[in-house]
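The next block holds one structure in the form of structure tokens; read it before the comments.
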Amino acid sequence: MRLVLVGPPGAGKGTQAEFIAEHFAIPKISTGDIFRSNVSGGTELGRLAKKYMDAGDLVPDEVTNAMVRDRLAQDDAVEGFLLDGFPRNVLQARELDGIMASLDRSLSVVLDLEVDHDEVVRRLSGRRTCKQCGHVWHVEYDPTTRPDVCDKCGGALYHRDDDYPDTVRHRLEVYSAQTSPLVQFYDGRGQLVSIDALGTVEDVTERAIAALAPFAG
Ligand code: AP5
């Protein structure tokens with residue numbers, strides 16, 4: 001399965017990506033995670049990306065496209081992948097078409113997680129991410145046993161710099177202006193499946209897996 005996840009910031013893409021990728025045995029490729037690991041590793045790419053991420057803006061297409069092109073050419077992505085966070089605008093979607101064509105592959109499906117903006121703000125203000133294993137928690141909806149300590153690996157949790165209210169508002173504007181047109185773009189091609197992403201994590205996972213099952217090869 002070659003799957004793209006779309007949805008506003010905080011829709012639960014990263015949370016669902018873990019379960020979906022495991023269920024269909026495909027690698028999860030998150031552009032946000034790749035950027036964040038470059039930021040924490042102090043690489044040139046990380047230095048470049050950080051100023052855009054902190055402001056809630058998109059990293060320039062040429063940087064992001066080259067990174068995704070390299071990642072999709074790796075062996076583990078040949079038989080399938082889940083892309084979380086890419087494409088993020090119609091130009092990136094056309095770039096993905098080109099990458100797929102060059103690899104003689106095509107996308108199976110685009111899964112759209114639908115959630116309203118008030119819920120996004122609630123989810124992002126309470127999100128805590130593990131520095132060590134990257135697992136995502138929520139102080140209210142999915143709390144850890146001990147505050148700020150990951151139940152999975154014992155790592156320290158942090159609040160993402162782009163999860164503070166002003167930046168979240170800006171990310172939602174960027175989503176509406178640049179990313180939401182992708183919903184019409186893929187719908188027009190008959191590649192879009194939308195699900196309601198409200199409800200418990202388990203309910204949403206169940207809906208996602210049921211919606212994707214017909215596309216599993
Ligand atoms: P990225 O990391 O992709 O951020 P995003 O798309 O804004 O999405 P988030 O990670 O914020 O949210 P999510 O949908 O994954 O939600 P989550 O599962 O964590 O991108 C960050 C930045 O990188 C961008 O702003 C940009 O600068 C750059 N970037 C990345 N890709 C790029 C690209 N292609 N081009 C250019 N720039 C790019 O869930 C959120 C919270 O809700 C968690 O606490 C979770 O526990 C909780 N939760 C999840 N599901 C539920 C549920 N059902 N009920 C209750 N709580 C839930």
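Here the Cβ of each residue, glycine as well, is placed from N, Cα and C on the backbone.
Unlike curated entries, TrEMBL annotations are predicted automatically.
Take the AMP site that TrEMBL assigns to Thr31, Arg36, Asp57, Leu58, Val59, Gly85, Phe86, Pro87, Arg88, Gln92, Arg171: the candidate from Arg47, Arg160 listed for it is Arg160. Of the residues proposed, Arg71, Arg127, Arg128, the one TrEMBL records at the same ATP site as Gly10, Ala11, Gly12, Lys13, Gly14, Thr15, Gly199 is Arg127.
Remark: of the binding-site residues Thr15, Thr31, the most isolated position is Thr31 (fewest other Cβ atoms within 10 Å of its Cβ). Checking the binding-site residues Ala11, Gly14, Cys130, Cys133 against ligand 1, the ones with a C-beta less than 6 Å from an atom of that molecule are Ala11, Gly14.
Mapped onto DSSP classes, the domain 'Adenylate kinase active site lid' (127-162) shows 2 helix, 12 strand, 22 coil.
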